[in-house]
Amino acid sequence: MAKSHLLQWLLLLPTLCCPGAAITSASSLECAQGPQFWCQSLEHAVQCRALGHCLQEVWGHAGANDLCQECEDIVHLLTKMTKEDAFQEAIRKFLEQECDILPLKLLVPRCRQVLDVYLPLVIDYFQSQINPKAICNHVGLCPRGQAKPEQNPGMPDAVPNPLLDKLVLPVLPGALLARPGPHTQDFSEQQLPIPLPFCWLCRTLIKRVQAVIPKGVLAVAVSQVCHVVPLVVGGICQCLAERYTVLLLDALLGRVVPQLVCGLVLRCSTEDAMGPALPAVEPLIEEWPLQDTECHFCKSVINQAWNTSEQAMPQAMHQACLRFWLDRQKCEQFVEQHMPQLLALVPRSQDAHITCQALGVCEAPASPLQCFQTPHL
(Lines of atoms letter the chains of each structure in order from A and count residues from 1; the text may use other names and numbers.)
(Lines give C-alpha, C1' and ligand atoms only; values in the text may rest on other atoms or scores of the structure.)
Protein backbone atom coordinates (compact mmCIF):
# COMPACT_ATOMS: atom_id res chain seq x y z
CA MET A 1 0.00 0.00 0.00
CA ALA A 2 1.30 3.43 -0.88
CA LYS A 3 2.71 5.56 1.92
CA SER A 4 -0.10 7.66 3.33
CA HIS A 5 -0.31 10.38 5.93
CA LEU A 6 -3.78 9.13 6.77
CA LEU A 7 -2.54 5.58 7.10
CA GLN A 8 0.57 6.59 9.02
CA TRP A 9 -1.70 6.75 12.07
CA LEU A 10 -1.24 3.00 12.12
CA LEU A 11 2.43 3.61 12.80
CA LEU A 12 1.52 5.36 16.04
CA LEU A 13 0.55 2.07 17.68
CA PRO A 14 4.07 1.46 19.07
CA THR A 15 4.15 5.03 20.34
CA LEU A 16 0.78 4.71 22.04
CA CYS A 17 1.58 1.35 23.59
CA CYS A 18 5.22 1.94 24.58
CA PRO A 19 6.74 5.34 23.74
CA GLY A 20 10.27 3.95 23.89
CA ALA A 21 9.56 1.73 20.88
CA ALA A 22 9.04 4.61 18.49
CA ILE A 23 11.70 5.03 15.84
CA THR A 24 11.77 8.77 16.38
CA SER A 25 10.35 10.47 19.41
CA ALA A 26 9.98 14.07 20.40
CA SER A 27 12.38 15.17 23.10
CA SER A 28 11.25 16.92 26.25
CA LEU A 29 12.90 20.10 24.96
CA GLU A 30 10.88 19.94 21.76
CA CYS A 31 7.66 19.29 23.66
CA ALA A 32 8.48 22.26 25.87
CA GLN A 33 8.02 24.50 22.82
CA GLY A 34 4.29 24.23 23.35
CA PRO A 35 1.33 24.00 20.93
CA GLN A 36 3.34 25.26 17.96
CA PHE A 37 5.36 22.04 18.08
CA TRP A 38 2.72 19.70 19.54
CA CYS A 39 0.20 20.26 16.80
CA GLN A 40 2.53 20.09 13.80
CA SER A 41 1.51 16.47 13.36
CA LEU A 42 -0.53 13.76 15.01
CA GLU A 43 2.68 11.99 15.96
CA HIS A 44 4.02 15.02 17.82
CA ALA A 45 0.69 15.49 19.58
CA VAL A 46 0.73 11.91 20.87
CA GLN A 47 4.40 11.94 21.87
CA CYS A 48 3.95 15.19 23.80
CA ARG A 49 0.66 13.95 25.29
CA ALA A 50 -1.16 16.93 23.80
CA LEU A 51 -3.59 15.15 21.50
CA GLY A 52 -6.66 16.47 23.31
CA HIS A 53 -5.38 20.04 23.20
CA CYS A 54 -4.62 19.89 19.47
CA LEU A 55 -7.97 18.30 18.65
CA GLN A 56 -10.00 20.82 20.60
CA GLU A 57 -8.00 24.02 20.29
CA VAL A 58 -6.04 23.83 17.03
CA TRP A 59 -7.16 21.21 14.54
CA GLY A 60 -10.83 21.81 15.26
CA HIS A 61 -10.42 25.36 13.97
CA ALA A 62 -8.13 24.55 11.08
CA GLY A 63 -8.96 25.31 7.47
CA ALA A 64 -9.77 22.64 4.89
CA ASN A 65 -6.30 23.12 3.36
CA ASP A 66 -4.77 21.56 6.49
CA LEU A 67 -6.38 18.28 5.43
CA CYS A 68 -5.02 18.38 1.87
CA GLN A 69 -2.63 15.49 2.49
CA GLU A 70 -5.35 13.18 3.78
CA CYS A 71 -7.40 13.95 0.68
CA GLU A 72 -4.49 13.02 -1.59
CA ASP A 73 -3.86 9.83 0.37
CA ILE A 74 -7.41 8.63 -0.21
CA VAL A 75 -7.13 9.36 -3.95
CA HIS A 76 -4.00 7.19 -3.94
CA LEU A 77 -5.93 4.48 -2.12
CA LEU A 78 -8.84 4.60 -4.57
CA THR A 79 -6.45 4.50 -7.53
CA LYS A 80 -4.74 1.50 -5.99
CA MET A 81 -8.12 -0.25 -5.77
CA THR A 82 -8.44 -0.02 -9.57
CA LYS A 83 -5.28 -2.11 -9.90
CA GLU A 84 -6.84 -5.08 -8.17
CA ASP A 85 -7.66 -7.92 -10.55
CA ALA A 86 -10.99 -8.58 -8.82
CA PHE A 87 -12.07 -4.96 -9.30
CA GLN A 88 -11.15 -4.94 -13.00
CA GLU A 89 -12.86 -8.27 -13.60
CA ALA A 90 -16.04 -7.07 -11.89
CA ILE A 91 -16.14 -3.94 -14.06
CA ARG A 92 -15.53 -5.98 -17.21
CA LYS A 93 -18.30 -8.47 -16.42
CA PHE A 94 -20.74 -5.69 -15.64
CA LEU A 95 -19.98 -3.85 -18.89
CA GLU A 96 -20.27 -7.07 -20.89
CA GLN A 97 -23.74 -7.58 -19.43
CA GLU A 98 -24.63 -4.01 -20.39
CA CYS A 99 -23.48 -4.71 -23.95
CA ASP A 100 -25.65 -7.82 -24.08
CA ILE A 101 -28.84 -5.92 -23.22
CA LEU A 102 -28.43 -3.16 -25.81
CA PRO A 103 -31.75 -2.77 -27.66
CA LEU A 104 -30.07 -2.96 -31.07
CA LYS A 105 -28.53 -6.44 -31.22
CA LEU A 106 -26.25 -5.44 -34.09
CA LEU A 107 -24.35 -3.32 -31.58
CA VAL A 108 -23.69 -6.16 -29.13
CA PRO A 109 -20.58 -7.68 -30.79
CA ARG A 110 -19.18 -4.21 -31.52
CA CYS A 111 -19.78 -3.16 -27.94
CA ARG A 112 -17.86 -6.23 -26.77
CA GLN A 113 -15.09 -5.39 -29.22
CA VAL A 114 -14.83 -1.85 -27.82
CA LEU A 115 -14.48 -3.29 -24.32
CA ASP A 116 -11.75 -5.71 -25.39
CA VAL A 117 -9.77 -2.98 -27.12
CA TYR A 118 -10.25 0.01 -24.87
CA LEU A 119 -10.91 -1.15 -21.31
CA PRO A 120 -7.28 -2.19 -20.57
CA LEU A 121 -6.04 1.09 -22.06
CA VAL A 122 -8.48 3.15 -20.01
CA ILE A 123 -7.57 1.42 -16.75
CA ASP A 124 -3.85 1.74 -17.43
CA TYR A 125 -4.11 5.40 -18.40
CA PHE A 126 -6.30 6.19 -15.41
CA GLN A 127 -3.83 4.59 -13.02
CA SER A 128 -0.81 6.34 -14.50
CA GLN A 129 -2.19 9.83 -15.12
CA ILE A 130 -4.63 10.67 -12.32
CA ASN A 131 -3.01 13.33 -10.14
CA PRO A 132 -4.20 13.38 -6.50
CA LYS A 133 -3.21 17.03 -6.11
CA ALA A 134 -5.39 18.08 -9.06
CA ILE A 135 -8.35 16.04 -7.82
CA CYS A 136 -8.12 17.54 -4.34
CA ASN A 137 -7.79 21.00 -5.88
CA HIS A 138 -11.01 20.30 -7.77
CA VAL A 139 -12.98 19.46 -4.64
CA GLY A 140 -11.52 22.45 -2.81
CA LEU A 141 -9.39 20.61 -0.26
CA CYS A 142 -5.95 21.66 -1.48
CA PRO A 143 -4.66 25.17 -2.28
CA ARG A 144 -4.09 25.68 -5.98
CA GLY A 145 -0.54 26.11 -7.18
CA GLN A 146 1.00 24.10 -4.35
CA ALA A 147 3.28 21.44 -5.81
CA LYS A 148 4.53 18.35 -4.06
CA PRO A 149 8.24 18.48 -3.14
CA GLU A 150 8.98 15.50 -5.39
CA GLN A 151 7.06 16.98 -8.33
CA ASN A 152 9.04 18.78 -11.01
CA PRO A 153 7.97 22.45 -11.21
CA GLY A 154 7.44 22.20 -14.94
CA MET A 155 5.30 19.08 -14.79
CA PRO A 156 1.61 19.82 -15.51
CA ASP A 157 -1.17 18.39 -13.39
CA ALA A 158 -2.65 15.24 -14.85
CA VAL A 159 -6.16 16.51 -14.27
CA PRO A 160 -5.85 20.32 -14.38
CA ASN A 161 -8.61 22.78 -13.61
CA PRO A 162 -9.57 23.38 -17.29
CA LEU A 163 -10.95 19.84 -17.25
CA LEU A 164 -14.07 21.33 -15.73
CA ASP A 165 -14.79 23.05 -19.04
CA LYS A 166 -12.89 21.07 -21.66
CA LEU A 167 -10.57 18.11 -21.84
CA VAL A 168 -6.96 19.09 -21.25
CA LEU A 169 -4.66 16.23 -20.35
CA PRO A 170 -1.00 15.29 -20.94
CA VAL A 171 0.37 13.71 -24.10
CA LEU A 172 -1.54 10.56 -24.89
CA PRO A 173 0.09 7.18 -25.38
CA GLY A 174 0.61 6.26 -29.02
CA ALA A 175 -1.88 3.43 -28.69
CA LEU A 176 -4.60 5.90 -27.86
CA LEU A 177 -3.65 8.43 -30.49
CA ALA A 178 -3.89 5.75 -33.13
CA ARG A 179 -7.46 4.95 -32.22
CA PRO A 180 -10.37 6.16 -34.33
CA GLY A 181 -12.54 9.16 -33.63
CA PRO A 182 -16.14 9.50 -32.43
CA HIS A 183 -17.62 7.37 -35.20
CA THR A 184 -14.79 4.78 -35.15
CA GLN A 185 -14.15 4.68 -38.87
CA ASP A 186 -12.16 1.44 -38.68
CA PHE A 187 -15.44 -0.32 -37.92
CA SER A 188 -16.55 -0.04 -41.50
CA GLU A 189 -20.04 1.21 -42.17
CA GLN A 190 -20.25 -1.51 -44.81
CA GLN A 191 -20.51 -4.05 -42.00
CA LEU A 192 -23.56 -2.35 -40.51
CA PRO A 193 -26.53 -0.52 -42.02
CA ILE A 194 -26.03 2.54 -39.75
CA PRO A 195 -23.03 4.49 -38.36
CA LEU A 196 -22.14 3.32 -34.89
CA PRO A 197 -22.72 5.97 -32.20
CA PHE A 198 -19.72 5.04 -30.09
CA CYS A 199 -19.66 8.29 -28.13
CA TRP A 200 -23.25 7.65 -27.13
CA LEU A 201 -22.34 4.06 -26.28
CA CYS A 202 -19.37 5.21 -24.23
CA ARG A 203 -21.43 7.77 -22.38
CA THR A 204 -24.16 5.22 -21.69
CA LEU A 205 -21.79 2.58 -20.33
CA ILE A 206 -19.96 5.08 -18.12
CA LYS A 207 -23.20 6.34 -16.61
CA ARG A 208 -24.36 2.79 -16.02
CA VAL A 209 -21.17 2.09 -14.09
CA GLN A 210 -21.66 5.29 -12.08
CA ALA A 211 -25.22 4.29 -11.19
CA VAL A 212 -24.23 0.94 -9.68
CA ILE A 213 -21.02 1.88 -7.86
CA PRO A 214 -21.91 1.80 -4.14
CA LYS A 215 -20.10 4.95 -3.05
CA GLY A 216 -21.21 4.61 0.54
CA VAL A 217 -19.96 1.03 0.70
CA LEU A 218 -16.60 2.01 -0.79
CA ALA A 219 -16.31 4.83 1.73
CA VAL A 220 -16.85 2.43 4.61
CA ALA A 221 -14.37 -0.01 3.05
CA VAL A 222 -11.70 2.68 2.84
CA SER A 223 -12.31 3.57 6.48
CA GLN A 224 -11.79 -0.04 7.63
CA VAL A 225 -8.07 0.61 7.88
CA CYS A 226 -8.89 2.94 10.79
CA HIS A 227 -10.42 0.22 12.93
CA VAL A 228 -7.05 -0.93 14.27
CA VAL A 229 -6.16 2.57 15.44
CA PRO A 230 -7.02 2.97 19.13
CA LEU A 231 -9.24 5.43 20.95
CA VAL A 232 -10.11 8.85 19.60
CA VAL A 233 -7.63 8.72 16.71
CA GLY A 234 -9.49 5.83 15.13
CA GLY A 235 -12.75 7.75 15.24
CA ILE A 236 -11.26 10.76 13.48
CA CYS A 237 -9.56 8.59 10.86
CA GLN A 238 -12.79 6.72 10.08
CA CYS A 239 -14.81 9.93 9.92
CA LEU A 240 -12.35 11.58 7.53
CA ALA A 241 -12.04 8.51 5.33
CA GLU A 242 -15.79 8.05 4.90
CA ARG A 243 -16.50 11.71 4.13
CA TYR A 244 -13.55 12.25 1.80
CA THR A 245 -14.20 9.06 -0.14
CA VAL A 246 -17.78 9.99 -1.06
CA LEU A 247 -16.72 13.53 -2.01
CA LEU A 248 -13.88 12.28 -4.18
CA LEU A 249 -16.00 9.62 -5.85
CA ASP A 250 -18.59 12.30 -6.66
CA ALA A 251 -15.90 14.42 -8.30
CA LEU A 252 -14.20 11.55 -10.12
CA LEU A 253 -17.32 9.80 -11.38
CA GLY A 254 -19.25 12.96 -12.16
CA ARG A 255 -16.68 14.89 -14.22
CA VAL A 256 -13.24 13.35 -14.54
CA VAL A 257 -14.01 9.78 -15.57
CA PRO A 258 -16.54 10.50 -18.37
CA GLN A 259 -14.23 13.06 -19.99
CA LEU A 260 -11.16 10.88 -19.51
CA VAL A 261 -12.73 7.80 -21.03
CA CYS A 262 -14.97 9.17 -23.77
CA GLY A 263 -12.89 12.24 -24.59
CA LEU A 264 -9.49 10.59 -24.66
CA VAL A 265 -10.20 7.10 -25.86
CA LEU A 266 -12.86 7.80 -28.49
CA ARG A 267 -11.96 11.46 -29.02
CA CYS A 268 -15.53 12.53 -28.39
CA SER A 269 -16.04 16.25 -28.07
CA THR A 270 -16.71 17.70 -24.62
CA GLU A 271 -20.37 17.99 -25.56
CA ASP A 272 -20.45 14.36 -26.66
CA ALA A 273 -18.62 13.07 -23.63
CA MET A 274 -20.61 15.11 -21.15
CA GLY A 275 -23.88 15.40 -22.98
CA PRO A 276 -27.37 15.38 -21.48
CA ALA A 277 -28.10 12.58 -19.06
CA LEU A 278 -29.90 9.61 -20.52
CA PRO A 279 -33.27 9.14 -18.77
CA ALA A 280 -32.94 5.36 -18.76
CA VAL A 281 -29.55 5.55 -17.05
CA GLU A 282 -29.46 8.56 -14.76
CA PRO A 283 -31.48 7.93 -11.58
CA LEU A 284 -34.41 10.28 -11.21
CA ILE A 285 -34.39 12.52 -8.17
CA GLU A 286 -37.94 11.43 -7.29
CA GLU A 287 -36.66 7.88 -6.82
CA TRP A 288 -34.44 8.80 -3.90
CA PRO A 289 -35.22 7.17 -0.54
CA LEU A 290 -37.28 9.06 2.00
CA GLN A 291 -34.34 9.62 4.34
CA ASP A 292 -32.74 11.82 1.65
CA THR A 293 -35.70 14.19 1.50
CA GLU A 294 -33.78 17.27 2.62
CA CYS A 295 -30.96 16.47 0.21
CA HIS A 296 -33.61 16.13 -2.50
CA PHE A 297 -35.12 19.52 -1.60
CA CYS A 298 -31.71 21.18 -1.52
CA LYS A 299 -30.58 19.99 -4.95
CA SER A 300 -33.88 20.92 -6.58
CA VAL A 301 -33.85 24.38 -5.00
CA ILE A 302 -30.27 25.05 -6.10
CA ASN A 303 -30.90 23.85 -9.65
CA GLN A 304 -33.94 26.15 -9.85
CA ALA A 305 -31.98 29.14 -8.50
CA TRP A 306 -28.94 28.82 -10.76
CA ASN A 307 -30.50 30.51 -13.79
CA THR A 308 -31.86 33.52 -11.94
CA SER A 309 -30.47 36.80 -10.70
CA GLU A 310 -29.56 37.22 -7.05
CA GLN A 311 -32.67 39.34 -6.52
CA ALA A 312 -34.92 36.64 -7.97
CA MET A 313 -33.29 33.72 -6.15
CA PRO A 314 -35.63 33.62 -3.12
CA GLN A 315 -38.70 33.46 -5.36
CA ALA A 316 -37.10 30.81 -7.57
CA MET A 317 -36.27 28.69 -4.54
CA HIS A 318 -39.86 28.78 -3.34
CA GLN A 319 -41.06 27.92 -6.85
CA ALA A 320 -38.90 24.80 -6.76
CA CYS A 321 -41.15 23.50 -3.98
CA LEU A 322 -44.18 23.45 -6.29
CA ARG A 323 -43.04 20.14 -7.76
CA PHE A 324 -43.36 18.39 -4.40
CA TRP A 325 -47.07 17.66 -4.13
CA LEU A 326 -46.91 15.73 -0.88
CA ASP A 327 -43.98 17.48 0.74
CA ARG A 328 -44.48 21.04 -0.41
CA GLN A 329 -44.86 22.37 3.13
CA LYS A 330 -41.69 20.61 4.26
CA CYS A 331 -39.85 22.02 1.25
CA GLU A 332 -41.04 25.54 2.08
CA GLN A 333 -39.85 25.10 5.65
CA PHE A 334 -36.49 23.89 4.37
CA VAL A 335 -36.12 26.95 2.14
CA GLU A 336 -37.03 29.35 4.95
CA GLN A 337 -34.67 27.66 7.38
CA HIS A 338 -31.68 27.63 5.02
CA MET A 339 -32.34 30.75 2.93
CA PRO A 340 -29.35 32.80 4.22
CA GLN A 341 -26.89 29.96 3.63
CA LEU A 342 -28.38 29.15 0.22
CA LEU A 343 -28.15 32.77 -0.93
CA ALA A 344 -24.48 32.78 0.07
CA LEU A 345 -23.58 29.41 -1.44
CA VAL A 346 -25.51 29.31 -4.72
CA PRO A 347 -23.66 32.14 -6.57
CA ARG A 348 -20.34 30.35 -5.96
CA SER A 349 -21.69 26.87 -6.56
CA GLN A 350 -20.78 24.66 -9.53
CA ASP A 351 -22.22 21.39 -8.25
CA ALA A 352 -25.56 21.13 -6.46
CA HIS A 353 -24.65 17.95 -4.59
CA ILE A 354 -21.35 19.35 -3.28
CA THR A 355 -23.15 22.55 -2.24
CA CYS A 356 -25.77 20.56 -0.34
CA GLN A 357 -23.00 18.59 1.32
CA ALA A 358 -21.52 21.89 2.47
CA LEU A 359 -24.94 22.78 3.86
CA GLY A 360 -24.97 19.49 5.75
CA VAL A 361 -28.16 18.05 4.27
CA CYS A 362 -26.61 15.49 1.91
CA GLU A 363 -24.35 12.63 2.93
CA ALA A 364 -20.65 13.30 3.53
CA PRO A 365 -20.46 16.94 4.64
CA ALA A 366 -18.11 18.89 2.40
CA SER A 367 -16.03 20.05 5.37
CA PRO A 368 -14.30 17.06 6.95
CA LEU A 369 -13.46 19.37 9.86
CA GLN A 370 -16.79 18.23 11.26
CA CYS A 371 -14.88 15.08 12.13
CA PHE A 372 -12.82 17.19 14.52
CA GLN A 373 -15.70 19.26 15.82
CA THR A 374 -18.13 16.53 16.83
CA PRO A 375 -19.20 16.68 20.52
CA HIS A 376 -17.66 13.34 21.51
CA LEU A 377 -14.23 14.75 20.81
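Just so you know, glycine gets a Cβ as well, placed from its N, Cα and C.
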Among Cys226, Cys237, Cys362, Cys371, find the residue that Swiss-Prot gives as the disulfide bond partner of Cys295.
-> Cys362
Could you tell me which of Cys239, Cys262, Cys268, Cys298 is bonded to Cys356 by a disulfide, according to Swiss-Prot?
-> Cys298
What is the disulfide partner of Cys111 among Cys99, Cys136, as given in Swiss-Prot?
-> Cys99
If you pull up Swiss-Prot, which of Cys331, Cys371 shows a disulphide to Cys321?
-> Cys331
Given the recorded positions Cys99, Cys111, Cys202, Cys295, Asn307, which one's Cα is the least distant from that of Cys321 (disulfide bond)?
-> Cys295
Neighbour count (Cβ, 10 Å) for Cys202 (disulfide bond) | 24
Does DSSP give Cys331 (disulfide bond) helix, strand or coil?
-> helix
How many Å separate the Cα atoms of Cys362 (disulfide bond) and Cys356 (disulfide bond)?
-> 6
